[in-house]
Amino acid sequence: MMEATWLDLGPITQIEPGMAATLPVIGGDEIAVFHTMRGEFYALVNKCPHRQGPLSQGIVHGDSVTCPLHNWRISLKSGQVLGDDEGCVPTIPLKIDCGRIYLLRESVVGQKAA
Amino acid sequence: MNAPATFDSARPAREKLVVIGNGMAGCRAVEEILERDRERFDVVIFGAEPRVNYNRIMLSPVLAGEKTFDEIVLNTAEWYTENAIELIAGDPVDHIDRERKTVVSRSGRVEPYDKLLIATGSDPFIIPVPGRDLPGVVTFRDLDDVDKMLAAADLGGNAVVIGGGLLGLEAAHGLSLRGMNVTVIHLMPTLMERQLDEAAGWLLKQELERRGQTILTGADTEEIVGKDGHVDAVRLKDGREIPADIVVMAVGIRPATRLAKTGGLECERGILVDDHMVTSDPDVVAVGECVQHRGQCYGLVAPLWEMCRALADHLTERKLDGSGGYQGSVTSTKLKVSGIDVFSAGDFSGGGEGEDIVMRDAARGVYKRLVLKENRIVGAVLYGDTADGNWYFDLLRKEEDISDMREGLIFGQAFALGGGALADSNAAVAALSDDAEICGCNGVSKGKVVDTILAGACSLDAVRSQCKASASCGSCTGLVESLLALTLGDEVQAGASTMCKCTSFGHDDVRRLILEKELKAIPQVMQELHWTTPDGCASCRPALNYYLLCAWPGEYEDDQKSRFVNERLHANIQKDGTYSVVPRMWGGITNPRELRAIADVVEKFDARMVKVTGGQRLDIFGIRKEDLPAVWADLNAAGMVSGHAYGKSLRTVKTCVGSEWCRFGTQDSTGLGVKLEQMSWGSWMPHKFKMAVSGCPRNCAEATIKDFGVVCVDSGYELHIGGNGGIKVRATDLLCKVATEEEALETCAAFIQLYREDAHYLERTAPWLERKGLEWIKAQMFDGLDAVRQLAARFRHSQKFMQDDPWAKRAAGERRDLHSHLATVVPAGMEYA
Ligand SMILES: Cc1cc2nc3c(=O)[nH]c(=O)nc-3n(C[C@H](O)[C@H](O)[C@H](O)COP(=O)(O)OP(=O)(O)OC[C@H]3O[C@@H](n4cnc5c(N)ncnc54)[C@H](O)[C@@H]3O)c2cc1C
Ligand code: HEM
Ligand code: SF4
Ligand code: FES
């Protein structure tokens, strides 16, 4: 069942393209949900691999985000750090259905075990 | 045919195939089946619409008056008769009984089946707003909808289309051609955001507006307002009301799964099917927009053809194309609005691991973007010139390696396949004749450019300034660079650095061109100046946002997504992700009421530290982003506004106590500081800007390490510029001395404006002054008779729009989305942990 596997975060209109919204997880890492200028959605752990900068507050361009603290560039698709720096941010499977955002429940709540 | 003689006569009876849905997929499936085996099934088709099957996608040209219904019919009444197909039109199926293997229609007709084909298509999505059921609110799905729109258009008046996607824009186009006054309401900031990127969406919007449509993006419908039992207007969440005689709802479609669901078939978004289009019941198959295959639902016709072939192969057990079932489709879209060419295919979210090739030709209104990954095209967006759309789409679908033609790929098939000579861009330029035009904007020939280079212009900048080639839109930059390389070989000098890797222009050029060409939006600058990326990067977006803000005060709308986090949230982000808040204390003066409010905030929101800053005010540390609006509301209530400690803007004006209290004081330095701060707070600048006023040359306020510093003396005020603290301390230079406070204020306003209009983004006054020279600055301000007054007047004009406390707006609820979380997840079981 969809309800069990996927976590409904509500309508996509909550996030303007080029912006991100946050989803705190009690007992886990906060998640950032990004809406790119091109209209695509991605979810990542809201923590830069450099020094834990909140990626949700970075500038979104193409399908990457630039961390607000020291300008590392992170791919929203893969979570991979781009350019000369190295590292990776965990990504959370996300789908859009009938204009609503869904995250894979097990990836959201299972973070801690992983 | 060389098929063996059939055993038809030996067959006990033909199997009965019942089709639900007399639409594009249903009928195509029947055609494919007949083509493989004419004898296998007795076919009955139920259709909800009271007519034969027609080409649904051509409803748009019918609405626009470019086609008639007869011209778009796909299967005539004769086709049904000739193939012995029973069509039950105008009587929709209400129920499927899989136990008894029958379907029941609305009129009560019961039809048994051996095989059942569901092809019910999609239902238009209706947004759940009040007034959605009013007469005059229509969708755009079938001929009846078109007839309703045509009837409304006959009476003329206002049409509102909700939804700026493919369907909505085609409806808007048709209604506009039919003489209606059309407004398109689109929730997202970009039209057709699922197919287009920001750049192409912007061009499309411009063109539609030029044609007289009103396009409201970022507009959320609150209610459809009725009057006398008919639709009368559409009200938006921001309060605007748009008059409407007809409202077309075109916000999207949903697979029509009701029948399948009540019939007990497995459905998610659509009816689940396997590669042979078989549902969870082996005797029930489904095709078209109503199905979900490998997680995918489609809203275009191309996938239907492939689905229908796979289905027919399976049902007749004959494989015409020998495929192993349906494998899913890659789709492309084109907008059917005459005179506007838009094409999009694949995945072009770009950036990241993909690599973009962008070509812009502002003069022809062309924008092309290809996204490559591992030498293959994975996405394409074309605007204005879609001639090569199909070629790109073909390369994309076949996943062809394009490394051999990469250089010329973006120029299209003819060019890319034009052979070796052309593939090397330098060789291509070398082959041009001397009178070939290089720069279309300024009419400069190849010969002229080469002469200019030979006469000593060794860099792109030098060529631009000496013969104007590539100095306007930059689309010929590549050609000029080739000519430099061909003419000078290794002696080409790197020019002044460009703004960032997205453009060949430097900051000065971009600022100049914004004014010259009257560019007023970020996507417009990127298009007109031939940006090489679709939506810029984290360094050019904020810079362009500032340049536009500075060039068009009151006109340009600040783009929040092009702002660094501190300016977006009007607070300073700290290393732990919390924020610090600094309210303004005019000239460093405070009072018990303000201090009490600050103390209350610190306790109420559990701020971990309060610090007296070097700028003579208090900084409250450790505020969470969701608490910011409440903190600001409390500070506002005590009369305090944003201190912009977070901005590329005026920070503080530090003062000493001056003649009011100090025995050395020569002037009222505190009073002047307050006036300076009140004049200039809220203004956005290339970088942060700090001021100070000292009451005598002892200079307790450290005015000589500020961007603008005043040192009071007996005879008046010494005005100093270009100082800063920081890693590399720089003391100020003396700009001038004035006699009165008014002159000091006026000169300060003029200096700030000169800095705002000339400096590069993120260049503080100190490096700016060193780059331009003190003499240049003095000349700009004092050589012209009236220069100071004019600069100051421009500053004051711009301030009219800037001195609007951002905190108050946020505290009142503006952009709540930036401060709130989507939700909070509490994992099951956590409560007990
Ligand atoms: C205005 C417009 C323009 C379009 N332009 C394009 C385009 O340019 N390119 C493109 O690729 N696609 C376009 N499309 C989409 C394209 O038309 C659809 O993808 C295609 O028609 C889907 O075929 P289908 O058979 O699945 O659904 P449909 O063609 O909608 O057929 C379904 C039929 O089933 C009937 N039905 C539903 N329920 C029942 C029931 N219970 N009993 C009996 N009958 C039932 C419906 O009345 C309908 O006639 C456009 C669509 C519209 C509306
Ligand atoms: C992200 C980086 C920085 C942050 C968050 C930051 C923040 C601040 C804050 C909040 C203040 C208090 C100012 C006020 O009252 O408005 C301040 C003061 C100051 N900052 Fe920074 N700053 C940063 C970088 C710099 C840099 C790069 C320089 C040097 C060029 C600098 C030089 C100063 C100086 C000299 C003061 C004292 C100002 C005065 O005495 O008026 N800061 N800074
Ligand atoms: S700068 Fe001069 S006037 Fe101001 S406090 Fe110091 S000594 Fe007094
Ligand atoms: S924390 Fe993200 S770049 Fe440093």
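Backbone N, Cα and C define each Cβ position, glycine as well.
Note that the coordinates shown come from a computational prediction; the quantities given were computed from them, not determined experimentally.
Noted in TrEMBL for the protein shown:
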| type | residues | note |
| --- | --- | --- |
| DOMAIN | B:16-294 | domain 'FAD/NAD(P)-binding' |
| DOMAIN | B:332-399 | domain 'NADH-rubredoxin oxidoreductase C-terminal' |
| DOMAIN | B:438-485 | domain 'BFD-like [2Fe-2S]-binding' |
| DOMAIN | B:499-548 | domain 'BFD-like [2Fe-2S]-binding' |
| DOMAIN | B:574-638 | domain 'Nitrite/Sulfite reductase ferredoxin-like' |
| DOMAIN | B:647-780 | domain 'Nitrite/sulphite reductase 4Fe-4S' |
| BINDING | B:Cys656, B:Cys662, B:Cys696, B:Cys700 | [4Fe-4S] cluster binding site |
| BINDING | B:Cys700 | siroheme binding site |
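Feature annotations (TrEMBL) mapped to structure.
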residue  : record                        : Cβ within 10 Å
B:Cys656 : [4Fe-4S] cluster binding site : 27
B:Cys662 : [4Fe-4S] cluster binding site : 16
B:Cys696 : [4Fe-4S] cluster binding site : 20
B:Cys700 : [4Fe-4S] cluster binding site : 17
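Comparing B:332-399, B:438-485, B:499-548, B:574-638 for CB pairs under 8 angstroms to the domain 'Nitrite/sulphite reductase 4Fe-4S' (B:647-780), the maximum falls on B:574-638. Where the domain 'BFD-like [2Fe-2S]-binding' (B:438-485) meets the stretches B:332-399, B:499-548, B:574-638, the count of C-beta pairs under 8 angstroms peaks at B:499-548. The [4Fe-4S] cluster site is defined by B:Cys656, B:Cys662, B:Cys696, B:Cys700, and by the 8 Å test on Cβ atoms against their centroid, the other residues of the chain that qualify are B:Val657, B:Gly658, B:Phe664, B:Gly665, B:Ser669, B:Ser694, B:Gly695, B:Arg698, B:Asn699, B:Ala701. Secondary structure from DSSP puts B:Cys696 ([4Fe-4S] cluster binding site) in coil. Annotation note: B:Cys656 ([4Fe-4S] cluster binding site) sits in a coil segment as assigned by DSSP. In the three-state DSSP assignment, the secondary structure recorded for B:Cys662 ([4Fe-4S] cluster binding site) is coil. Across the domain 'NADH-rubredoxin oxidoreductase C-terminal' (B:332-399), DSSP assigns 9 helix, 33 strand, 26 coil.
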